[in-house]
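First the structure, in the form of structure tokens, and then the observations on it.
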Amino acid sequence: MKDSGDSKDQQLMVALRVRPISVAELEEGATLIAHKVDEQMVVLMDPMEDPDDILRAHRSREKSYLFDVAFDFTATQEMVYQATTKSLIEGVISGYNATVFAYGPTGCGKTYTMLGTDQEPGIYVQTLNDLFRAIEETSNDMEYEVSMSYLEIYNEMIRDLLNPSLGYLELREDSKGVIQVAGITEVSTINAKEIMQLLMKGNRQRTQEPTAANQTSSRSHAVLQVTVRQRSRVKNILQEVRQGRLFMIDLAGSERASQTQNRGQRMKEGAHINRSLLALGNCINALSDKGSNKYINYRDSKLTRLLKDSLGGNSRTVMIAHISPASSAFEESRNTLTYAGRAKNIKTRVKQNLLNVSYHIAQYTSIIADLRGEIQRLKRKIDEQTGRGQARGRQDRGDIRHIQAEVQLHSGQGEKAGMGQLREQLASAFQEQMDVRRRLLELENRAMEVQIDTSRHLLTIAGWKHEKSRRALKWREEQRKECYAKDDSEKDSDTGDDQPDILEPPEVAAARESIAALVDEQKQLRKQKLALEQRCRELRARGRRLEETLPRRIGSEEQREVLSLLCRVHELEVENTEMQSHALLRDGALRHRHEAVRRLEQHRSLCDEIIQGQRQIIDDYNLAVPQRLEELYEVYLRELEEGSLEQATIMDQVASRALQDSSLPKITPAGTSLTPDSDLESVKTLSSDAQHLQNSALPPLSTESEGHHVFKAGTGAWQAKSSSVPTPPPIQLGSLVTQEAPAQDSLGSWINSSPDSSENLSEIPLSHKERKEILTGTKCIWVKAARRRSRALGTEGRHLLAPATERSSLSLHSLSEGDDARPPGPLACKRPPSPTLQHAASEDNLSSSTGEAPSRAVGHHGDGPRPWLRGQKKSLGKKREESLEAKRRKRRSRSFEVTGQGLSHPKTHLLGPHQAERISDHRMPVCRHPAPGIRHLGKVTLPLAKVKLPPSQNTGPGDSSPLAVPPNPGGGSRRATRGPRLPHGTSTHGKDGCSRHN
């Protein structure tokens, strides 16, 4: 048994804890003089005035101290433990020594830090809890022995706190120089609860007395020693034992008799406490002095002798200094900080305590050799049986009957159960054989111990017999000298008769009794050994029989391959399922993306239609357009010429078709819902077309979501938007229903929304059945129009607004002719839209399509006449009215339904020079009443739709309504206001003197 381990230098760790100021100190008028600056620095200020302050500068005489870690009154017990002691536990388990001690004057919280309370346990309890937790975590690989001793040094006398009846104990030094306490009680335990109970028992035995400075003053130094021995569970001929010791010391505080007001016994206790602390301070001073190699006097106090290894030997040491922040304890705090600062310079030489223990080498060597031979024999047998099995398999490969018999043999459930039972028997035989070998080993160890004890007792008896014969010889010599003159016969008789009987000592009698018991035990051990050897031979024979039986009943390599292939098939099935799930997720994501692209394409088509219609109105009326809007329109034209978005759409359609043709599971697209319309008959008529076009039509665009708009409404349009009117009911003007089903249910409105829609048309061909159904739906529309024609014949023409421009009549005529030549309904998708239908939009057909007066007045900056109203003649207006009236009478017999884009949730927006991006996207606003006070910023914003006007209603002075330009009374107001609705035929006069009909 010897110590081993490499040593290394370790710096002594010093921590400082400043306790909170007490109520008694505040009542005495004390002030705070100790402050924590950061995690390591503490400043102590001198409360007294400087007697050498000649210049009366009153400079602060403060001094800063730097430690490894500093705590103020806000620190908790857990924080102190984590920063100081927790790191020592791993080293103690590994075989290193460690020491933690609290230092400082009386009443500064040393006992509170070390012991704590039930609610806030101190370092003792937390360290022991973590120590046993760490032992439990590694107990599977290591064996541990934990022992504990608890003592106190009271008046320079050592007392055992676990067993106070032992009295005062003495310090001794063993052969290695380690200080030991003779007769101390060491309690071995591996249970945390038990060691906590012992700790509480020792604390109750500790000496505590009240003083004027501290009501619970500790009158002794308490030392708790925990020893941990660690050894590996794997047995070997050489075993390594690691022994670590942990010292936790609660020192008594230094005190002044003037402060504590001690008398008698308390004063003697204080003197002894101060003496031991003075010796500790001298040791700290000597150890911290780097320049001198002087002698360190540890013998001045028993405390310093116990702390010899902790201060300058083999230990990792942590010193927790405690001070009071009150000005009344300035001197004690300064001395404590001084000694703590010096202790930082102390270095200890730490090494691991390793004990190498040699056991019975010859015995363990023979056992290991037997086990290795057994392993080699089993390996050879397995190899031989494997070779015979392969050779037999090659010989019988062509024998079909043998193969069938073998398959039937291994396919039955009974054979499988027999194989499992055979394997279990073999495993149990090996386990029993190992147990018997282990018991034989234990018997051998016990027999050797009995033999050693027998030899020791025999030596004791032999020594006594030798002593007895020596005494008898000496007595005979003495008798021979005394009776030299007597007769020889008398001498012989005297010596034989008078020789005293020598009493046998008790240890010899005990040895004789022990020898008898040991002889009996040896006989029992011999019998048990013979029985175990016989059992071992039987188990070996049983194992050999099982080893010979198992190869004949075990399956071939093919069965093992089948089992592995089945496992592989299962793994591949799992992987295949995962791949299918990933494919489904990817398919769903692609289809959602395709739906989003289709929705954006519909939105783009609607925006193209709106942009082109508004541009046609601007060109027809020569309206002034801001430069910003012109630039944006040029960008738009370039994008149309490039056709990048159409190409992207075509690629998306090709990708979607390729995805549909794949073998992955299909995702059914959501059916498009038909937007409710006020015209119930129109909805019923178009429902058949919508059912056939459901797979190709897109879902309706939400007019409320701003996220999909190309142009988002700005803040300036919200007021007009809030005053807008929802989707109007059908209004009849001259027996005309001016509302139809929404355009999103029509395939033609989706494809023909842009000039380049022929490419999209070619991508979605219509079958003969679909064309026939569309034609049937169109005939239904014409039947409905014929029914309404009879009602229109009996209704007189309404007084509509008077025309104001030449373009109104021209556009009316062109629209009427274009509508006559073009069949309505979804058949319009067969050819590109007519430029006349797309761009020839005037105020009269717009008003007739919605049944309302124009909702917007066109204005520009300034109060002069508008560009498209210049040169207007009243005579031309009268002639135009007469010609229109004649046409209306001539073509009254012809009547058809006016269809228009469904206007759900209309919006009102204003356009300024820098507000082109705020235009509403796909629903143009239509208001019921004119807004006379609107001042526009250079662009006409009108509702756009494919308008069909009946020629029978286009004659007369009230058929068309001009774009009214109301006056701007304020001259500078840009805010849209709603005025009272004026009756038909009234006129307003602007500042330019021109008459405008409302």
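Just so it is clear, glycine is given a Cβ too, placed from its N, Cα and C backbone atoms.
Owing to the predicted nature of the structure, the values given are computational and were not obtained by experimental measurement.
Annotated features in Swiss-Prot:
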type	residues	note
DOMAIN	11-346	domain 'Kinesin motor'
BINDING	Gly104, Pro105, Thr106, Gly107, Cys108, Gly109, Lys110, Thr111	ATP binding site
COILED	360-391	coiled coil
COILED	424-452	coiled coil
COILED	507-552	coiled coil
COMPBIAS	662-676	compositional bias 'Polar residues'
COMPBIAS	684-697	compositional bias 'Polar residues'
COMPBIAS	746-761	compositional bias 'Polar residues'
COMPBIAS	836-852	compositional bias 'Polar residues'
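All features noted in Swiss-Prot, drawn onto the structure.
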residue	record	CB count, 10 Å
Gly104	ATP binding site	29
Pro105	ATP binding site	24
Thr106	ATP binding site	24
Gly107	ATP binding site	26
Cys108	ATP binding site	27
Gly109	ATP binding site	20
Lys110	ATP binding site	26
Thr111	ATP binding site	24
- Secondary structure at Thr111 (ATP binding site), reduced by DSSP to three states: helix
- For the coiled coil (360-391), what's the model's average pLDDT? 77
